[in-house]
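Peer 1: There's a structure below that I have some questions on.
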Amino acid sequence: MVPVDGIPILVFSSTLLFIMTISSAVDSMNTTESIRDSEAMVSADGSFKLGFFSPGSSKNRYLGIWYNKISVRTVVWVANREIPLTDSSGVLRVTHRGVLVLLNHSGNIIWSTNSSRSVRNPVAQLLDSGNLVVKDEGDGSMENLLWQSFDYPCDTLLPGMKLGRNTMTGLDRYLSSWKTPDDPSRGDFTYELKAAGYPEKVLRANSLQIYRSGPWNGIRFSGCPQLKPNPVYTYGFVFTEKEMYYSYQLLDRSILSRVTLTQNGNIQRFTWSSSAPGWVFYLTAQVDDCNRYAQCGVYGSCHINDSPMCGCLRGFIPKVPKDWQMMNWSGGCERRTHLNCSTDGFRKYSGVKLPETANSWFSKSMNLEECKNMCTKNCSCIAYTNLDIREGGSGCLLWFSDLIDIRRLNENGQDIYIRMAASELDHEDDTKNNYKSNKKKQMRIIIISTLPAGMLLLGLLLVLCLWKKKRQTNGVIERSSNKNSTKQDQELQMFHFGAMAIATENFSVTNKLGEGGFGPVYKGILKDGQEIAVKRLSRNSRQGPEEFKNEVKHIAKLQHRNLVKLLGCCIQADERMLIYEFMPNRSLDSLIFGLRLSGLANLISDFLSYIFVLESDESQNLIDLGKKIGQAKLGAHN
């Protein structure tokens, strides 16, 4: 029984619980609401959900954000990754000072946000981007946020997130891997924007640098040739006085794509496939072994298609040759000739990933010539290049320490100009002169070797002209030959289908000689003992009745010692056949072209054969016919 005077309290508590339950189904909560373990906050468009979860086989509970519309739970952010809840008693609240707090069963705060200022009506909201923000209710400006989860990434870079640094506040946004699939606490790997010199992205295993992207060149990071315009996302690098960061945006919000730093230290992009369903690998930053930081040491260059993959830049030699023979390249290379500041020059190396920029200097306003002049005047300057390669290049980037982590790229590489001793450049000029001299010698050899062939070709053309003239004078003889062929066409024998079936043993497979575009060819024996080859039109053949008649017409007209004789044909219902005399142990194309010649003799033979074909009265039909006959094997082959 509940006392009457306790009813108002019960009604108030029920109403408050009802309000809190409704709040858990929407995208925000205020200071009077909270989220418990069994409740969740969902973004307005339903893309993301904030709630409590247990990763893998772990029984610990964490507050996190994951994709809400896909079948595989994919967590993109974790609040209390270092201090898990051991039971389901966790509660998330927002205080009057605009601070998010996560309480355990004892009411102790195990995780909280920070804020440098306070507002009148603070609320927490989960945006459609997956960003959890704390702001003043009704203020839609992203510039006035009290706090946002996008400033504190875990292992996932979502569209709109910034990977980089705010130079005004010192806020550094970077990825850090999970320790294991069951433990989201910070693992061994971090991926961040290194601000020393000219910025570039670096991957570290604990404190050891193991990969770097190369500097931004206006189009991509110089060591990421695979980063290029695509139908999934756009990307860019922002570098101002206030901040420097890399980010990307999806071209189509219906496509899900994310960048993840795995527990093994791999930087990978995945896209969601609804047909599978599942996450599909899209690309990785570490394409091959040449992406390992300083793989070939200072002044070494890595090329994955070479064996071994490491080599010294031109003008440099291994510092410890014995180590290089053992494929230990960590000692790198040294100059073959020492520098002399007053006489040094620069050698251009093309198609490379630019060296580490930690000890570099840059200017966005200088051009390449000004950049060269500045590097020439400073004896400590080792190399220079354009800062931005767009529209012919602009800006200046200078190096003031040994060059390390260079690799040759198969595509989208960049140019760099490295200071070299004058004698090295003179040697290069001598090499170029020798190359030009060798090219001239090669041209002379080519001309001398091809001159006889050219004279022979002119002779053949002269013979062709004389032959054509002679042929024109014999027109009467050719017309007479055409009349004889017409008479022969009328004398073609018509065979009965039944006779062909008996002759080929009902078109037995054992009698089949071959098959071409027309159809199969069978060996047969007539009642009088004559051996024949029966070419039967396939019902699936591309050759129709008109083409069949055309072939019979032209074969009947042709008379040549190298063409097999057409004995007749068979046209009955849907059946159409050509009956040739059978030629044992020889294919028709071998009879036409005879013995295979080699070298120049073969070329001359083919050339004369083409002259004969092209000058025939029915040239095009003969060419087509020749192709078909050459494919059909009319005899048994040894």
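Just so you know, glycine gets a Cβ as well, placed from its N, Cα and C.
Pulled these from TrEMBL:
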- 26-147: domain 'Bulb-type lectin' (DOMAIN)
- 341-421: domain 'Apple' (DOMAIN)
- 507-638: domain 'Protein kinase' (DOMAIN)
- 1-25: signal peptide (SIGNAL)
- 445-467: transmembrane segment (TRANSMEM)
Peer 1: Per DSSP, how many helix, strand and coil residues does the domain 'Bulb-type lectin' (26-147) have?
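Peer 2: In the domain 'Bulb-type lectin' (26-147), the DSSP-based counts are 3 helix, 49 strand, 70 coil.
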Peer 1: Could you pull the average pLDDT for the domain 'Protein kinase' (507-638)?
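Peer 2: So the average pLDDT across the domain 'Protein kinase' (507-638) works out to 64.
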Peer 1: Using DSSP, tally how many residues of the domain 'Apple' (341-421) sit in helix, strand and coil.
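Peer 2: Result for the domain 'Apple' (341-421), in helix, strand, coil order: 13 helix, 33 strand, 35 coil.
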